[in-house]
Amino acid sequence: MSGNDRIAKNTIFLYFRMLCTIVVSLYTSRIILQTLGVNDYGIYQTVGGVAGLLSYIINGSLASGSSRFITFEMGRRDKGKLSDTFSSLLTVHLLFGVVVALLAETIGLWFLYNKLVIPPERFSAAVFTYHLSILMSIVGITQVPYTAVIIGHEKMNIYAYTSIIEAILKLLLVYILMVSDWDKLMLYASLLFVVQCGITFFYRYYCIRHYEESHYHFSFDKSIIKKVLGFSSWNLVENTSISLNAQGTTILLNMFFNPGIVTGRSVANIVSMTANSFVNNFRTAANPQIVKRFSANDFDGSKHLLLISTKYSYFLMLILAFPVFLVAKQLLYLWLGQIPDYSVVFLQFAIVTTLFGVFDQSFYSAFTAKGQIKETTICSICVGYLSFPVIYVLFKLGYSPVSLSWVMLFSSLILAIFIKPFLLVKIMGYTWTDIFVLFKSCIIVTVVSVPIPLLLYIFRNTLFHTPYLDFFILSISGVVCVALAVWFLGLDDDIRKRIQNTIKTKLLKRK
């Protein structure tokens, strides 16, 4: 199977995985809230969050580095080095697991006993839940190298099937929770722990059985660990700055406006993040090939794959984002039953910003392949932190909450269209012609697909007399116009012919 065919197949697996996960999560979260009750559910989120924060800081920063270096060694086809890399990474994760346990059982436990407000009658259940949350965090941390091996080998079908099994187990968990007479909070924490341990055991069993490099032997290769920690430290800095900036803008909204507007922005962010996660699945499928080709010194192949995957990532986002932009109001009403203040305009701005974010995130993959993310991280941090005082000044001058969205959109545009392409040319050896051809294709598809649905949106009150008809026609028109523009103007001729041949083959088999 060729690299491109594998990417397409893996993307389908990841999309299927995500659809199942989202559907199950939406259902189980509602039932769990009803079964636990508001107080117990809040306690679980609070005490679990204390332990989860520690693992997130370590997990979030190390996961990308682990995946990059394991995939890189796979591309070099050096089995000895690959085995040492895996074992060294697992040793580091085990050590960090011990660090999390020590911090959580000292500082975290002190925080639980002295700072958190928990009803006295539920305190013992909260402590029990907290300890299990720590164990789950440690299990998750030590799982990272095994997940990196599966992604590096591009076995997204295993990744998808396991997630579906996990979703089914969580449905079973909900049923047991509903029919059991035991303490609901303690039972919920215990069942979650059992599910996570079961899934983790399967991943490790699969890796050990199929991949020789995942047979652990004690290794603490300082050269490997130094590279991984150096790479991961920049990830940590960027992730921390993104979190601080997001929290800071929320605080600014709260300082200058009412809480309802904060809710409106939070809701908009949830929808845009969900749309973005669909595109990230495509990036997850493409990234291993980009890194492997780079590590094998196939720099042109790596560059070609990054540019083509960036283009298709943009098309995927456009076909999802444009209909959401058109029906933002109806979508929020169907989901929530009410529309928080400014949530519609916040969502529309967030969707457009996400389109520029596709280029930012995709270009980041090139720097990851080379292992040189210092410059791109510094630029992202500077733009993010500079936007914060600008938002403050605008709010101070009396501008509306929407000015925040304008600043975020402008910041994303600067990173995606100017700064990241400049770094690609300077660091990665790309040409401005490469960048121009990519942007040209995306702009043409966008310009051609937008006018008809946008006119329907502008004159919707005149043309449509029911909200359901409005929702249906705007959604369909958005999807169809983008799909047609992509098919005739966005796809390369060879890709279009391969799709046509695949469809013909499938139809002939049915006959």
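Cβ from N, Cα, C; glycine included.
The transmembrane segment annotation in TrEMBL covers 12-33, 53-71, 92-113, 125-146, 158-179, 185-206, 312-336, 342-364, 376-395, 407-425, 437-459, 471-491.
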- Note on the structure: Here the stretch out of 125-146, 158-179, 312-336, 437-459 with the most C-beta pairs under 8 Å to the transmembrane segment (12-33) is 158-179
- Message: Using Cβ atoms and a strict cutoff of less than 8 Å, what residues sit near the transmembrane segment (471-491) while being 6 or more residues removed from its termini?
- Response: 311, 315, 318-319, 322-323, 325-327, 330-331, 334, 441-442, 444-446, 448-450, 452-453, 456-457, 460, 464, 499
- Item | Beyond the flanks of the transmembrane segment (407-425) by at least 6 residues, Cβ under 8 Å | 249, 349, 352-353, 356-360, 363-364, 366-367, 375-376, 379-380, 383-384, 386-387, 390-391, 394, 431-432, 434-435, 439
